[in-house]
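What TrEMBL says about this protein:
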- 298-394: domain 'Histidine kinase/HSP90-like ATPase' (DOMAIN)
- 33-50: transmembrane segment (TRANSMEM)
- 62-85: transmembrane segment (TRANSMEM)
- 105-122: transmembrane segment (TRANSMEM)
- 129-150: transmembrane segment (TRANSMEM)
Amino acid sequence: MVNRRWWDAAALAVALVTVLVGLVDPPYGADDVATWAVTAAFLLAYALYLRGRIGGDDGPRHYVAIVIVLTALSVAGTAAEPSFAMLQAFAYPFLWITAPDTRRAVIGNGILATGIVIGYVLHFGAAGIVTGLTVGALSLGFALALGLWITRIAEYGDERARLLADLQSVQGELAALHREAGVGEERARLAREIHDTIAQSLTGLVMVAQRAGNRLTAVDGPAAASVRADVSLIEEMAREALTEARGLVATIAPVTADGGLAASLDRLAAAFERETGTVVRVQADATGLDRELEVVVLRCAQEGLANVRKHAQAATAWITVEDSADGVVLTVRDDGVGPTAHGEAGGAGDAGGTGPGGFGLAGLRDRAALVGGSFAFGPAEGGGALLRVTVPRRTATAEETR
């Protein structure tokens, strides 16, 4: 921002020098009085009008007024006393800093130089033409050269500032992408670790329990029956823990960029079929979702299948992702027993129930609400359960879809 105090000092300095030049050459006459009057008019014009234009963006009309005021003062002052031409030291730079653009600044400087020449002619008559033209041409040439040079430097600085702002913006976007990539890699690593350690150990435990149960079938007696019951319980608990671990792996696995949401849903359906024997049909017609919405839709689909696994006893489930007037709609439907066939607590019809590795239907509602969406769950027409999640569509940015 332009510092007005420097311009205050410049205006006072020009006025003071003009007055002092007249005072050192007594006796004082009408020319000196006229010069002092014009100097006072200059200070008054600066205080009441010109100073308010510094650092503003007043447009061409105010600039025309500035040119007229400074040119009129230059003509009047130089006509009274040629030394008043020192006002150029203030006027030329002032016209540059208040000009709306470079073209108008050059025109304003030319008009001011013409006013100086006119002032010399009015003071000296025809004899002042050569002097006026010389002074005007030299001062105008210097003003234009310096003004254009400083303007070019200022434009270069503005361009560098814009480039720096763009660079900082890009750096921020890259940092966000790196953070997102890091989160995805960490989720994938955790999923692999759980699958390769806990899930594999639980699989081995199930197999050992099955083998022990098979061996105990050949043993009779009350003690053997009790041991078989314990082994059966161990097998059941291990299977439940294995299901929980697999559900957790599915929950924390990231949406991969390869194939996007549709491919992730296909992989989710294939894994669910292998684990449960329930056939899952996927139809994902909605495309162009940003990464956050893809994650929301995938997590909701995972929780919907977790609910099918725990409660539905279904032979087939359907996952559909499609566009609607309200946004993107995810539906998870099954042909199982339906929510009304379960008990009160923990049943499929209980919005607070949770699935293996999931966060419950109540969590589904919260997840949808975070992105401005809605959630509904209930019996499906023709039997089974129907989960419906609607999220508003947002245009994916180029960075999110890379």
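Note that Cβ sites are derived from N, Cα and C of the backbone, with glycine treated the same way.
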Most CB pairs under 8 Å with the transmembrane segment (62-85): which of 33-50, 105-122, 129-150?
105-122
Can you name the far-off residues of the same chain, 6+ from the ends of the transmembrane segment (105-122), with a Cβ under 8 Å from a Cβ of it?
63, 66-67, 70-72, 74-79, 82, 84-85, 88, 91-92, 95-96, 99, 128-129, 131-133, 135-137, 139-140, 143-144, 147, 151
Model confidence over the domain 'Histidine kinase/HSP90-like ATPase' (298-394), averaged pLDDT:
76
